[in-house]
Amino acid sequence: MTELREPVRVGVLGARGRMGLEVCKAVDAAPDLDLVALINQGDPLSGAAEARVLVDFTNPGVVMENLRWAIEQGIHVVVGTSGFTQERLDQVRGWLAEKPGVGVVIAPNFGIGAILMMQFAARAARWFDSVEIIEQHHPRKLDAPSGTAMHTARLIAEARRAANCPPMPDATQEELGGARGADVEGVRVHAVRAAGLVAHQEVLFGTTGETLTIRHDSLDRSSFMPGVLLAVREVLTRPGLTLGLDDLLV
Ligand SMILES: NC(=O)C1=CN([C@@H]2O[C@H](COP(=O)(O)OP(=O)(O)OC[C@H]3O[C@@H](n4cnc5c(N)ncnc54)[C@H](OP(=O)(O)O)[C@@H]3O)[C@@H](O)[C@H]2O)C=CC1
Ligand SMILES: O=C(O)C1=N[C@H](C(=O)O)C[C@H](O)C1
């Protein structure tokens, strides 16, 4: 006789937001998942207590409070919200140490193409003299640079350090602060905000006589859903902190 599994109870934090709405639709349509809680700004977190997995797409100002509460309750969490510094990640690891069975997946980008773009960029990093990142988003995005751009810059910087690459050539004296973008571990990151955009990123590499551009475009928020659902299913069997989806996509 085949065993019938109970659907996994899922709650969404930030359920009325651009990503939250899309996640609710995707969870609702998945036969192995049951959407049991929709939490918006002002709702008590206790409304999500019956969930086994929470998905957080809120904002960097509230995500840490949500995470601490969920971990304390023994609820697994999948986080898409941006703004995770090394310090924040260490804080999450500290909370998880007190609750060894709980899993948290934090991913700067759930788009499969975006994950590949970051992997390809890390691979190319050592072979070029120069590399800059140009991220482009809708104008209602609260943070800049994007979490994806920050993560890509760190991966590139790490790869270049490991290969003993020299600093990038750049003789510019900025006439106006910000003209050369933000410096993330030695990698310049430029943030564009324009109506009509969703989420896009170019990584531009240059060396003698050639350039390489790696570009990814999320044209619709549905692009993030296969990654979000994968993380919801996988977090149940991955205690501790999982950063990015790379280990889930093997
Ligand atoms: N990892 C990934 O693949 C992706 C990550 N993101 C990230 O996800 C986050 C959300 O993006 P997006 O959906 O566009 O943003 P939105 O502003 O559209 O959505 C955020 C929602 O969270 C709500 N909210 C605020 N505080 C709380 C709270 N304490 N509890 C519950 N809900 C709350 C907001 O309510 P109100 O409007 O009333 O403030 C809003 O409805 C951002 O950090 C973004 O960078 C986005 C896309 C993909
Ligand atoms: O706010 C967004 O829209 C996005 N945020 C994430 C980020 O900051 O990288 C992921 C994606 O770029 C869309």
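Cβ from N, Cα, C; glycine included.
Over in TrEMBL, the protein carries these features:
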- His137: active site, proton donor/acceptor (ACT_SITE)
- Lys141: active site, proton donor (ACT_SITE)
- Gly14, Ala15, Arg16, Gly17, Arg18, Met19, Gly80, Thr81, Ser82, Ala107, Pro108, Asn109, Phe110: NAD(+) binding site (BINDING)
- His138, Gly147, Thr148: (S)-2,3,4,5-tetrahydrodipicolinate binding site (BINDING)
- 8-110: domain 'Dihydrodipicolinate reductase N-terminal' (DOMAIN)
- 113-249: domain 'Dihydrodipicolinate reductase C-terminal' (DOMAIN)
Based on Cα distances to Lys141 (active site, proton donor), point out the closest of the binding-site residues Arg18, Phe110, Thr148.
Arg18
Would you mind sorting out which of His137, His138, Gly147, Thr148 (the recorded positions) have a C-alpha within 10 A of the one on Ser82 (NAD(+) binding site)?
Gly147, Thr148
Between Gly14 (NAD(+) binding site) and His138 ((S)-2,3,4,5-tetrahydrodipicolinate binding site), the C-alpha gap once rounded to whole angstrom:
18
Assigned conformation of His137 (active site, proton donor/acceptor) - DSSP reduced to three states:
strand
Per DSSP, what is the residue count of the domain 'Dihydrodipicolinate reductase C-terminal' (113-249) in each of helix, strand and coil?
51 helix, 40 strand, 46 coil
To the nearest whole angstrom, what is the C-alpha distance linking Gly147 ((S)-2,3,4,5-tetrahydrodipicolinate binding site) and Phe110 (NAD(+) binding site)?
11
Based on a Cβ-to-ligand 1 distance below 6 Å, what subset of the recorded positions His137, His138, Thr148 would you report?
none
Determine, to the nearest whole angstrom, how far the Cα atom of Arg16 (NAD(+) binding site) is from the Cα atom of His138 ((S)-2,3,4,5-tetrahydrodipicolinate binding site).
17
Average model confidence [pLDDT] within the domain 'Dihydrodipicolinate reductase C-terminal' (113-249):
97
Candidates Arg18, His137, Lys141: member of the recorded positions with the richest Cβ shell (10 Å):
His137
Tell me the residue counts in helix, strand and coil for the domain 'Dihydrodipicolinate reductase N-terminal' (8-110), as DSSP assigns them.
39 helix, 25 strand, 39 coil
Using CB under 6 Å from any atom of ligand 2, narrow the binding-site residues Gly14, Arg18, Gly147 to the ones that qualify.
Gly147
